[in-house]
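Worksheet: one structure, shown below.
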Amino acid sequence: MENSIISCQSKPHLIEFLKQQLPTSDSVKPIIPKRTIKFDSGTTQKITELDINNLCRNGKLREAVTALDSITKNGFKVRPNTCISLLQSCIDTDSIEFGRKVHNLIAEVNPFVETKLISMYAKCGSLNDARHVFDEMCERKNLFAWSAMIGGYTREQRWREIIALFFLMMDEGICFPDEYMLPKILQACANLGDVETGRLIHSLVVRTGMDLCVHVNNSILTMYTKCGKLVSSRRFLENMDDKDLITWNSIISGYCQNGMNEEALGLFERMSAEGIVPGLVSWNILIASYNQSGKCDQAMELMEKMNENGLSPDVFTWTSMISGFAQNNRTNQALELFREMLVSGVEPNGVTVASAVSACASLKSLKKGKELHSVEVKIGSLADVLMKNSLIGMYSKCGKLEDARRIFDMMVERDVFTWNSMIGGYAQAGYCGQAYDLFTRMRVSGVKPNVVTWNLMISGHILNGDEDQAMDLFRTMETEGIIKRNTASWNSLISGSLHHGQKDKALRIFRQMQAFRARPNSITMLSILPACADLLSTRKLKEVHGCAVHESLDTELPVANSLIDTYAKSGDMISSRAIFDYMFSRDTISWNTLIAGYILHGHHHIAIDLFHMMRAEGIKPNKGTFSYIILAYSVLGMVDEGNQIFSSMTKDYQISPGLEHYNAMVELFGRSGRLGEVTEFIEDMAIESHPSIWSSLLKASRVHGNVGLAIRAAENLVKLEQKNTITHKLLLQLYELSGSCEDASMMRTLEKRSEALNTLGYSWINVNNKVQTFVTDDKSMPDADVLYACLDKIKEEVRLAMPDSHEHTHLNIQEEDTEKIAGIHSEKLAIGFALISSSNAARSIRIVKNLRVCNDCHKTAKFISLRYGCEIYLNDPKCLHHFKDGVCSCKDYW
């Protein structure tokens, strides 16, 4: 390449200009504007300091640094302004490599050059070098060096260093920070929650008269709100003379961040009243807050008002709405909002599509998920790790692990969420071996597993039956000390144990959790409470409830609802109602749960009264409400009223009836003996036949003595549930009862099945805080002679006091063999044991049985409740029987 000569002809006015730029110090030699310099290539070029500046202005940083190197090697010094220009070029091009070279070539420095060096290092990403220059400065009396250092720490969000620099600045007696530096220091206070330093700065601002600056005042206001000091923030707001849009957005955001949406909305309206027009940011702050707190309907109303005020929702607004609905399990609406967004012409960003994909994952809607995958390709967001993570999660939850793995393998960059999504997909699908292989790869890949990764592995193994491996992982977390176990780790073990029906083990883990001082959360409570939802677990329920109160979890709506349900199922409606009455807020689930509890205990009038109260308070009934109320009307024999409620579902509430409603209607007609209407109703149903429908018809036919209809119901049950041995047993009894032996081969088959799979009754009772198990005709227990003598006496009393009152209507078919064949049934043994064991136990007897209670045991329990003045709760698979004063809550229909 030909050598080029850069020529610079000196002109008088340029000479004078250069002279003016020279420093006054005698130590700096004046630079001759024209020099002949030898470059390393051996060529001769005439380079001046002005040429270096020209090279910088033209973006030729490399040539400028080479020229500087040549000048310095020839013994000449460059002026500070030239060094500053070079350093600024390094900042503009983010060239820390050239910045270091310039630093090494600077012969002498002054505070201005040092400040520029700090700025260069800080802005080019080397805060340590910046701090080294700062610490080595001869003098730091001007704000520029401090400002450069604090600005660098701000960009890197190193808030503690900023506070330390502020105090160092004060100690060195430097003048007070200006209006540009103060907001950065106050931002550090806000992010650290350091309200003490913030208050100190506030007082200094007032004393120095800088409280007249709106920019500084907004920073003070933001500091108080982010530190959670809303009283101080509000007081400061009221004392501000000048407020702008940023002021109002700060205080509104503060209230939103503390979950005080209504107060934030009040401030929003006040802002408008004071003449400040809310901007898009103002509306988005409120909309996002309402979505995050689960109040999606209110957020939707705000978005509509924003439209009415002439502001169109932007991508942030739509994203907030979509993610809000998705996170609150309203996934169908989230996807509908995404569609509306596209129709409105707003282009989604990566976060928007990721939220919509998450909704598809929750719905397991593979088709819509694939459509969104194509949208991501079109908008070019597939390079985003967040997008790929969402797709991996969607495909995994939809059971398409190969597609998820394909995306995973194509990713160059993976974060912890990527690994967790893929590991979780394998673990939840039961491929724990592949999940473990990925877990091992992750640990050596440089991405450290977090507590979520460990919890996914634990949950996957325990849910898939590998309890030993799950426990090994759980213990390894503690022994390795790398990851600290959290509440979710314990929750995984608890929910896994419950998944396999191990209630007692789940409760033991819950107690261990408390012993290790791991604080339970609402998920813990919602997992463990169902384990206490039976008649034998009253004491355990009180223990769990006490823990919920201690952790202030009983005030959370889902936990309170679960407590109402659990107390009802454990036989304690007084506690169930007390929790309901003391709730600050109630939703539809709260009302439904209490209504269901009263129906379970036979208080059907109260359930209907609650239904009317619920509607009077403006709470809309849902599908569950109607199924409970129809059932209440059926027990009370109010067929027309129940039928009217069924019709009102679609007419008044636009709710399509489901299986539970058709089942309730079968029970409504069946209880009243209107069997002809039942069969017509079943034939006209808008849904496919289901075992529960025929089971309800079988019950009605049995109670009202219609053998033919009972056989029809049982035969349909056998077709739908071929492996249900109890149904085969009942059908065999019906054939024998009807005398129909025409199909001898089928009868023989049924007989063989019945003999091979005879059902055995088990009952459990809690006496003196110890659970006793009874098996039909068990004579191996201690004091068996006393127990059987007691039951013989009761049997004779029942025979005399309660003759067979309804056996002429009830078909005598039972899940369990009669006592003449099998011996005394387990529930009767349990009741007798309670009577002879302790007087306290006899006051309230609580029994759980694995089969339906038979006619004879039902009649005996009614007699004992009247004769001995006790209450008997007997929970079989179909009903909770509450016997009191000789009456059962089921009204003899079970």
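We number each residue from 1, going along the chain as drawn.
From the backbone N, Cα and C atoms, a Cβ is placed for every residue, glycine too.
Note that the coordinates shown come from a computational prediction; the quantities given were computed from them, not determined experimentally.
Annotated features, as they stand in TrEMBL:
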type	residues	note
REPEAT	110-140	repeat 'PPR'
REPEAT	142-176	repeat 'PPR'
REPEAT	244-278	repeat 'PPR'
REPEAT	279-313	repeat 'PPR'
REPEAT	314-348	repeat 'PPR'
REPEAT	384-414	repeat 'PPR'
REPEAT	415-449	repeat 'PPR'
REPEAT	450-484	repeat 'PPR'
REPEAT	486-520	repeat 'PPR'
REPEAT	587-621	repeat 'PPR'
DOMAIN	810-894	domain 'DYW'
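When Cβ-Cβ distances below 8 Å are used as the criterion, the repeat 'PPR' (244-278) is approached by residues 214, 217-218, 221-222, 224-226, 228, 230, 233-234, 237, 285-286, 288-290, 293, 295, 298, 309 of the same chain, each at least six residues removed from its ends. Residue counts for the repeat 'PPR' (486-520) by DSSP state, with H, G and I taken as helix and E and B as strand, are 26 helix, 0 strand, 9 coil. Broken down by DSSP into helix, strand and coil, the repeat 'PPR' (450-484) contains 27 helix, 0 strand, 8 coil. Long-range Cβ contacts of the repeat 'PPR' (142-176) within its own chain (Cβ-Cβ under 8 Å, at least 6 residues beyond either end) map to 111-112, 114-115, 118-119, 121-123, 127, 130-131, 134, 184-185, 187-189, 191-192, 194, 197, 201, 204, 208, 210.
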